[in-house]
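Record features, source TrEMBL:
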BINDING   T98, S99, F126, P127, T128, D129, T168, D197, H200, Y222, W252, T278  pyridoxal 5'-phosphate binding site
MOD_RES   K223  N6-(pyridoxal phosphate)lysine
Amino acid sequence: MTITRAMLEALDKGDPLAPFRDEFDLPPDVLYLDGNSLGVLPKAAKARMVRAVEQEWGRGLIRSWNEAGWIDMPGRVGAAIAGLIGAHADEVIVADSTSVNIFKLAAAALRLRPGRRIILSEPGNFPTDLYMLQGLTMFLGGAVEVRTVAPADLPTALTDEVALLLLTQVHYKTGRMHDMADLTARAHAVGALTLWDLSHSAGALEVNLNGAGADFAVGCGYKYLNGGPGAPAFLFVARRHQADAVQPLSGWMGHAAPFAFDDTYRPADGMRRHLCGTPPILGLSALEEGVAIMARADRSHIREKSQRLGDLFITLVEQMCGDVFGLISPREAGQRGSHVSLSHLDGYAIMQALIARGVIGDFRAPDALRFGFTPLYLRYVDLWEAVAHLANIMQSGEYRQDRFQTKAAVT
Ligand SMILES: *Cc1c(COP(=O)(O)O)cnc(C)c1O
């Protein structure tokens with residue numbers, strides 16, 4: 001099938017999600033294919049930030065902890081995120097970063113499985129996931145080790161020595177999606193717990209944590225949830241573990257009575273014990289707006305459009321660029337998250353040349369050009385424009401220019 005621009009325009013006309021585009025403050029002359037890394041600015045977040053800064057902070061000052069509901073924000077925003085990931089409202093809270101939440105929940109899981117020596121993950125998982133486990137096990141003095149095995153070997157590596165299986169549902173580089181329900185069931189069959197990283201899932205897929213029987217989960221606020229740069233992250237603990245799961249960063253905000261100022265730590269009931277220090281109110285304010293938009297969109301429409309965008313992108317690249325690129329991501333949409341990665345030895349320079357033309361994706365070493373598809377603000381016709389630029393850059397050899405060769409600090 002040859003794709004035409006007119007076909008894409010027709011898809012946009014029939015797109016039930018099309019009205020959402022106007023809720024975002026998109027820069028003119030930019031085709032943004034990196035919402036899987038940093039989501040765009042919701043107009044409502046901008047207005048909310050102004051209010052939070054000028055009114056709540058500027059005028060309300062410390063009174064705003066009570067009067068503007070600041071103190072309840074981690075649970076309130078968490079409850080809204082719960083609706084997006086198949087969790088109950090009282091199973092999710094917003095706190096810290098994804099990295100820190102991995103540490104907290106991995107430690108909590110180990111304590112629930114005393115005597116078990118292994119945390120299982122996969123090689124090439126997002127670095128921070130592995131790094132945080134390495135830091136945690138270092139502090140445990142060798143009693144627990146991190147073992148990584150290729151996805152195909154996970155079923156046999158799941159033994160009764162495994163305390164915790166930590167996986168990212170959608171791989172940050174390849175976009176490959178794990179079967180959460182199947183792997184969770186396999187982990188449970190040997191008595192292990194699961195911790196799912198939803199950084200590339202929340203807001204992009206129809207995640208169903210409780211449907212899969214998941215134990216713990218974490219995820220990012222600044223990717224598909226459009227919470228802004230460095231937005232706080234979320235964490236999930238299934239109800240059945242909440243009474244027994246305690247985490248090691250026992251800060252005062254997770255205390256049963258923070259304003260009793262006791263000398264002795266006593267964890268709060270429910271999810272509040274997973275807080276550590278004072279919540280980042282400005283970050284939470286922006287995130288609440290990003291999540292609110294996502295909550296109004298039909299999840300099945302999001303998944304359907306995301307899959308179609310990915311399929312069309314892959315076909316268009318083949319149609320316009322021939323066999324110049326390898327396909328890193330699964331071709332089958334049902335096995336992919338919401339981004340597609342292409343491989344090319346000059347991937348970095350090609351991405352820089354694209355960005356210079358206003359087509360923004362990103363690069364992941366050593367050779368992956370990554371393109372994210374965000375159904376709320378991307379149009380089908382944007383794919384045509386983006387791939388036409390890519391084809392032009394390849395045919396002209398424009399990416400070979402010196403100015404595209406130097407690596408910046410953030411790729
Ligand atoms: C983006 C991402 C993170 C980011 O963690 P931070 O603590 O926010 O820097 C972690 N894990 C995965 C899988 C990610 O994709």
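Keep in mind that glycine also has a Cβ here, set from the backbone N, Cα and C atoms.
Recorded features from TrEMBL, shown on the structure.
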residue : record                              : contacts (Cβ under 8 Å, 6+ apart)
T98     : pyridoxal 5'-phosphate binding site : T128, D197, S199, V218, G219, C220, A233
F126    : pyridoxal 5'-phosphate binding site : T168, Y172, D197, S199
H200    : pyridoxal 5'-phosphate binding site : N36, T168, Q169, V170, H171, Y172, G175, K223, Y224, G337, S338, H339
W252    : pyridoxal 5'-phosphate binding site : P258, G277
Contacting binding-site residues, sequence order - F126, T128, W252 vs ligand 1, Cβ under 6 Å: F126, T128
Position of peak Cβ density within 10 Å, selected from the binding-site residues T128, T168: T168
Other CB atoms within 10 A, centred on the residue listed as 'N6-(pyridoxal phosphate)lysine': 29
Helix, strand or coil at T168 (pyridoxal 5'-phosphate binding site) [DSSP, three-state]: strand
Most distant Cα pair in Å, residues T98, S99, F126, P127, T128, D129, T168, D197, H200, Y222, W252, T278 binding pyridoxal 5'-phosphate: 31
Local backbone state of the residue listed as 'N6-(pyridoxal phosphate)lysine', from DSSP in three classes: coil
